[in-house]
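Note sheet for the following structure.
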Amino acid sequence: MASVEIKNVRKSYGSVDTIHGVSVGVSDGDFVVLVGPSGCGKSTLLRMIAGLEEITGGEILIGDRVINDVEPKHRDIAMVFQNYALYPHMTIAQNMGFSLRLARKSKDEIDQRVKDAARILGLTDYLERFPKQLSGGQRQRVAMGRAIVRNPQVFLFDEPLSNLDAKLRVQMRTELKDLHARLKTTTIYVTHDQIEAMTMADKIVVMRDGVVEQFGEPLELYDRPANRFVAGFIGSPSMNFLDGTVVVRDGKQMFESANHTVLPLPEGLDRAFEGKKLIMGFRPEHLQVSEAPEVFEVTVSVVEPTGAETYFVGNANGDTITGVLRDRIAIASGQSLRLLPRLNAIHLFDAETEQRVN
Amino acid sequence: MSIPSNSAPQSGSSKWNRKRKLTDWAIDGFLILFGVMMVLPLLMLVANAFKTPQELVSWPPTFIPNNPTLDNLTAVLNDTPLLLWMFNSFAFATLSTIAILATSAIAGYVLGKFKYRSLNIIFLIILATAIVPFEVYMIPLYFQVQSLGMLNSLWGLLIGYLVMSFGIFLIRQNVIHSVPDELLEAARIDGAGELWIFFFIVVPLLRSALGALAVLAFFQAWTAFAWPLIVATTRESYTIEVGLALFQTGFTVDLGKLSAASAIVLIPSVTLFVLLRKNFVEGVAGTGLKE
Ligand SMILES: Nc1ncnc2c1ncn2[C@@H]1O[C@H](COP(=O)(O)OP(=O)(O)OP(=O)(O)O)[C@@H](O)[C@H]1O
Ligand SMILES: [Mg+2]
């Protein structure tokens, strides 16, 4: 096990820059998830750590060794690919033992370690089969087994669950987390599924267009997103955003949206923001029914009861509002609700820089 | 094939069933007809090898010899070094196949998987040479072989048949189609060197394509005529193809002996095809590697 230190790493393909100076410190034993929309450079970053892509600028350290110019096989890492990349002409046992065979381990040791990994992953009965004789979930497990047997310093995963169906994905998510709890190997895991990120990670790196937007613990990202992008990316359904300005009514700071809905603001906002354009964000699950004078008058258009919660989409003064209500309120399309976001769950972002201001 | 359109109206599914059956029969009939047309000359050739001279020229021709004889076969084997020629051809074709497999596998893999701009240019050049007929550069090549002092030898023959542009093309396409990058990357991370990857990952994944190429390469050399004709000109260095051709003019015009010799020559070809048939069909009909 080892820490991974990514220092101001850049990547260009020819004249096209795809990663613009990323710095992330992964502590020994952490499970760090890289998330971000498609094309933001998650795979590229992971592949640079693996040694499959050259590092254009900056440094990557595994432990205290700079590995920029170290060959993949000497980096002591294992990688699991999205499409598993199992060797089709080798049995499961041979697939899992391949790296040990290359490392010239004795046959007994290979057998033993393959058997151990197979037992952990529930693959014992499949060792003599070929990859094409296994289901998707089993193949995924073999791919993990191939990584486990080597007992590497770092595990790298590139969207390992995205080829599985929804149910299996949830199951494998739990298994992977469990595995990490047992092995405690430093893990860097790429996904574009923010729920996967939230549920599995010790820390999350949110990337966009080749830069890190925020690096922190899952709940930190949820509670205090550093900017509008992270706020919108983390959480499902996504956060509501309203453009507007800070106004002062009766000596109190209020938020007036572009469509002239006036809402209360948490106290203690810097007076410098008065009169400035801001973006207000609040999560659907933080909306509450309220009798206060200043509220959203939401005319509900779509209602989706899930049993535990009720999702709805409505319109307030021309702004589309998504909401989730825990209580089973009987609401119907066309009905109007008086709603307010919880004051301590209001996020304010600068309209220009989109950075958090409160 | 047309379906009687005035048949009484029936329930949709049985009508459709009948239509499909008729189509199947039509396809079968068509294929059988063509199969027979292709095989008949070969069967005739084998039959002729066992006929007496009189029967050979009799009209109408018989299919099963009336009084089968082995005279033709023994005469051919005694009068000419037929077995030596076959050996020459066999050695030539085998070595050429090995060389073509090796060059195609390496070049095809490199061209298919390694991304350097210069490789694209090389690939274009290879494609270009594929459309230049061998006969065009056969003569310059002949002089090179001559200056190397390799005329009338197996090595001289081989020089024209070491590389096959189509083979490189075939393997390159197969590499692109059936050797995913991730597999090579996984192997690199697992600690495999490039040679290891080539021999233990790439080659096994290409086996059906290489099998198909082996058949093509073998028969290309086995049936080569112009090149062996100019390079191997002594009676002992003939390949079977050249030997058979000279049969008709140089030694004898005996149709029976020619048939007998040809029938013998068929044996290795047919054997090899039967052995490699599965590979051949798979490799040519799009690589069967789905996994
Ligand atoms: N070989 C390459 N040549 C040029 N550009 C590339 C190359 N590989 C990736 N890119 C570019 O780099 C950027 C990041 O790609 P990357 O594969 O890392 O995205 P990603 O975050 O993994 O996306 P996804 O979620 O779709 O897998 C993309 O804009 C992509 O077009
Ligand atoms: Mg990716």
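Keep in mind that glycine also has a Cβ here, set from the backbone N, Cα and C atoms.
A quick note: this is a predicted structure, and the numbers were derived from the prediction, not measured.
According to TrEMBL, the protein carries these features:
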- B:25-50: transmembrane segment (TRANSMEM)
- B:82-109: transmembrane segment (TRANSMEM)
- B:86-276: domain 'ABC transmembrane type-1' (DOMAIN)
- B:121-143: transmembrane segment (TRANSMEM)
- B:155-175: transmembrane segment (TRANSMEM)
- B:195-219: transmembrane segment (TRANSMEM)
- B:258-276: transmembrane segment (TRANSMEM)
Contact call for the transmembrane segment (B:155-175) against the transmembrane segment (B:258-276), three or more Cβ pairs under 8 Å: no
Contact between the transmembrane segment (B:258-276) and the transmembrane segment (B:121-143) (at least 3 Cβ pairs under 8 Å, separation 6+): no
Residues of the parent chain within Cβ reach of the transmembrane segment (B:121-143), under 8 Å, 6 or more residues beyond its termini: 107, 111, 159-160, 165-166, 168-169, 172, 226-227, 230-231
